[in-house]
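Student: Have a look at this one.
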Ligand code: BES
Ligand code: MN
Ligand code: ZN
């Protein structure tokens, strides 16, 4: 983990990251170094010579200046107020470009503690590499930037420590989500997912931090009527699990949220086998489960005064002679029956079990959020960087969208049009798991809605697009697992 500090002094011999902006359309540039107020005249000529433009995601390195190495990170067009996300991304790009180094100081145009916080977050989020599965090539791959110092005259403030502490926790758990997603399915089965989480649970303080963990194995799932998780997992030699983590804060009379995450450790499509090309990306199909579990541990480490019930239904969707057949009927926890017309629409089946279970406890819930890489249609609708939000409660959705704007995670509201519901009618069971192909993201949302009590505020986050980056790295986002939704879940709880 990258060590974070805030300082109002420069460390000699360190690397110095400053902002670079474009000032006009003719290639003009300027340096933005915030409180450092770097004298930049001599540097600008060299930067122009090198073709630096100051656009976002451009990182230019140059020896000299007041440090061993100057690192210019693009902020885009010059402005009097840079958004937190612009700062976060610029810090992240620089920190990615500095992999292999021990330390760097970030002097960016922050105006207040929130800006400093964004730079700290970006620097830590960008300092991520995943080399766990490299063998003989391990040594030729750089490790992440070891320490980041944020230059700010607010360094002496009492809040400074709080900022670095929070940013470190956010980054640590984003990295946990990314690690879990990037871990190949050969090494991440439903059972090993629960074991990895049990280890993180301990490291987060376990029972002392107010946490509790419970795991259902396949026998218990079967005898207790979790037909969705069993039905999806029964084709695999790696049996399914249900993981529950609860967090109870010290404070009394607090709000309680249920977080439910889709945990398909690999989605082959089952007997509705997916095409081979691109199937490898389906190791990301447990991103929702990873995000809700990591968010719960982060919430506990931050000791936030909100109770959390976190549920991760875990299964591997495989084709075999024991796999669920198209037209099989399964019974979801609580008694609703589902005709499985398409075994590749498996996420909604495991989620339905967990969502009904989440609502069956004795403690009243104030809200429920499910997070899932649920549909290819989500990617078609919103692309690879924006997640979808569906809901039965407009104001809950509005507040989440506002929070996501703040955390820099891109989410957009989508409707749940009632007329699409009829396409899920089954001739034999209560509901079918596949409906109209058009609007498939919303059809999936409508399926889940059937398992949510009307008076419980509920959000469904479909992160099929943004959970896994198959393109180039950008800002603080690496290739592979991104960790999306974790930060917004934590922020939602912070503001509850
Ligand atoms: N895990 C997939 C959805 C997915 C697609 C996630 C692309 C990430 C990237 C999901 O289980 C799935 O296969 N959904 C089907 C549903 C359909 C059969 C109704 C889909 O979207 O094709
Ligand atoms: Mn599927
Ligand atoms: Zn899936």
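Yeah, the Cβs are placed from backbone N, Cα and C, and that goes for glycine too.
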Student: Taking TrEMBL at its word that 344, 346 bind Mn(2+) 1, choose the one of 267, 309, 398, 425 listed for that site.
Tutor: 267
Student: 262, 267, 346 bind Mn(2+) 2 in TrEMBL, but which of 285, 353 does that record place at the same site?
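Tutor: Between 285, 353, TrEMBL records just one in the Mn(2+) 2 site with 262, 267, 346, namely 285.
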Student: Should we count any of the recorded positions 262, 274, 348 as near ligand 1, judged by a CB under 6 A from one of its atoms, and which?
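Tutor: If the test is a Cβ under 6 Å from any atom of ligand 1, the answer is none.
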Student: DSSP says what for the domain 'Peptidase M17 leucyl aminopeptidase N-terminal' (41-135): how many helix, strand, coil residues?
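Tutor: Going by DSSP assignments, the domain 'Peptidase M17 leucyl aminopeptidase N-terminal' (41-135) contains 37 helix, 19 strand, 39 coil.
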Student: Enumerate in sequence order the recorded positions 267, 285, 348 whose Cβ-atom distance to ligand 3 is under 6 angstroms.
Tutor: 267, 285
Student: Going by C-alpha positions, which of the recorded positions (262, 267, 274, 285) is nearest residue 348 (active site)?
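Tutor: Its closest listed neighbour, by Cα, is 262.
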Student: Taking 262, 274, 348 as the recorded positions to compare, which has the smallest set of other Cβ atoms within 10 Å?
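Tutor: Lowest Cβ count within 10 Å among the recorded positions (262, 274, 348) is 274.
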Student: For the Mn(2+) 1 site (267, 344, 346), what does the 8 A shell look like? I mean other same-chain residues with CB within 8 A of the CB centroid.
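Tutor: Neighbours found: 232, 264, 268, 269, 270, 272, 274, 282, 285, 317, 343, 345, 347.
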